[in-house]
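Under the heading active site, nucleophile, TrEMBL lists Asp29. Taken from TrEMBL, the feature active site, proton donor applies to Asp31. Annotation comment: TrEMBL describes Asp29, Asp31, Asp252 as Mg(2+) binding site. Residues annotated as substrate binding site in TrEMBL: Ser62, Asn63, Asn64, Lys227.
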Amino acid sequence: MTIKTNPVYVSTKDTAEHILSKYDNFLFDCDGVIWLDNKLIPKVDKFLQLLRAHNKKFIFVSNNSSKSRQVYLEKFAELGIHNISKNEIYPTCYSAALELTKLQIPLGSKIWVLGDEGIERELTEMGYIPIGGTDSRLDSEWQENHPLLTVDPEVKAVVVGSTKKFNYMKIATTLQYLLYKNKSIPFIGTNIDRSYPGPEGIILPAGGSVVNYMAYTADREFINTGKPSSDFLDIILQDQGFKREKSLMVGDTMYTDIKFGNDGQLGDGQGSLLVLSGGTKFTDLAKLLDNRSLEDESLVPSFYAESLTSLVELLE
Ligand SMILES: [Mg+2]
């Protein structure tokens, strides 16, 4: 592995213009980059307009599995960002559905879900039959004779993602599928994020906390369909017709977003930009740079900036 040089701080008009001229395709994480919870990060709409004016392409790659692409579209519109199409949005509820097809699980199969509605919607749209998920019977207190504790033998895979309704009934039912047939049913986890930045500076648990909870309980590995999975990146690049060397990943999390861009060799090995508007602060980056080991190299961004706000202000 090559040792990366320290990241370039994008703090001058020249460096911002360099970014704009070097890359044709921008892959944006959403939470902490485009918005914080339900608040648009200031001037993000301007930045996207500027990219369009320069004939740049951009898409959104989110490890959040709770919202389907349709719901993302509605959120973008509510925040005043228009002209986005469904095929420019890649949440991990959608990548989980893509993974099921890649595993050649026949359309029409039942899939057990632990997670929010986004997963159910994307699986249904792909042609699968989600069960579990938001079924209100799972909201009950623990019952040892609960009907959903009996495994449905027609279930062909398990998908686990984030949910704000995590409870013992959901853990216990999901565990039955993860253990079924000697743990042989495929186990898909939508992401590995520990937490994400919520409103007013609060940090909230993310999907990875649920996925890893189930992996620990069942003592099983899972297939991660979120960033930094290289398979996920390959699918996106192919789908969009993006050239790897002309693409830049912009994110606020080093172990998912930045690693995704670096492992995927975007921008000829210079294809990751960390923004400090979300879950990672400058002190976190400085700590990484001070004590970096060889394994940490894939976490080191090529560039870092305060936010998309600061980038657009440099370019104005
Ligand atoms: Mg993020």
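Including glycine, each Cβ sits where the backbone N, Cα and C put it.
Where the annotation comes from TrEMBL, it is an automatic prediction and has not been curated.
Its own atom aside, the Cβ of Asp31 (active site, proton donor) has 22 Cβ atoms within 10 angstroms in the protein chains shown. Counting every protein chain shown, the Cβ of Asp252 (Mg(2+) binding site) has 25 other Cβ atoms within 10 Å. In sequence order, Asp29, Cys30, Asp31, Val61, Ser65, Pro91, Thr92, Asn191, Asp193, Gly226, Thr256 are the residues of the same chain, not among Ser62, Asn63, Asn64, Lys227, whose CB sits within 8 A of the CB centroid for the substrate site. Ligand 1 lies under 6 Å from the Cβ of Asp29, Asp31, Asp252, out of the recorded positions Asp29, Asp31, Asn63, Asn64, Lys227, Asp252. In this structure, of the binding-site residues Ser62, Asn63, Asn64, the smallest number of CB atoms within 10 A of the CB marks Asn64. In this structure, Asn63 (substrate binding site) belongs to neither helix nor strand by DSSP; it is coil. Asn63 (substrate binding site) sits 8 Å from the residue listed as 'active site, nucleophile', counting Cα to Cα. Every protein chain considered, the tally of other Cβ atoms within 10 Å of the Cβ of the residue listed as 'active site, nucleophile' stands at 24. The Cβ of Lys227 (substrate binding site) lies under 8 Å from the Cβ of Asp29, Val61, Asn63, Asn191, Leu233, Gly251, Thr256, Asp257, Lys259, Phe260, each of these being in the same chain and 6 or more residues away along the sequence. Highlighted in sequence order, Cys30, Gly32, Val33, Ile34, Ser62, Tyr196, Pro197, Gly251, Thr253, Asp257, Val275, Gly278, Gly279 have their Cβ within 8 Å of the centre of the Cβ atoms of Asp29, Asp31, Asp252, the residues recorded for Mg(2+), and are not part of that set. Cα spacing between Ser62 (substrate binding site) and the residue listed as 'active site, proton donor': 8 Å, rounded to the nearest whole number. Cα spacing between Asp252 (Mg(2+) binding site) and the residue listed as 'active site, proton donor': 8 Å, rounded to the nearest whole number.
A separation of roughly 8 Å, to the nearest angstrom, links the Cα atoms of Asn64 (substrate binding site) and Asp31 (active site, proton donor).
Taking every pair among Ser62, Asn63, Asn64, Lys227, the residues recorded as binding substrate, the greatest CA to CA distance is 10 Å.
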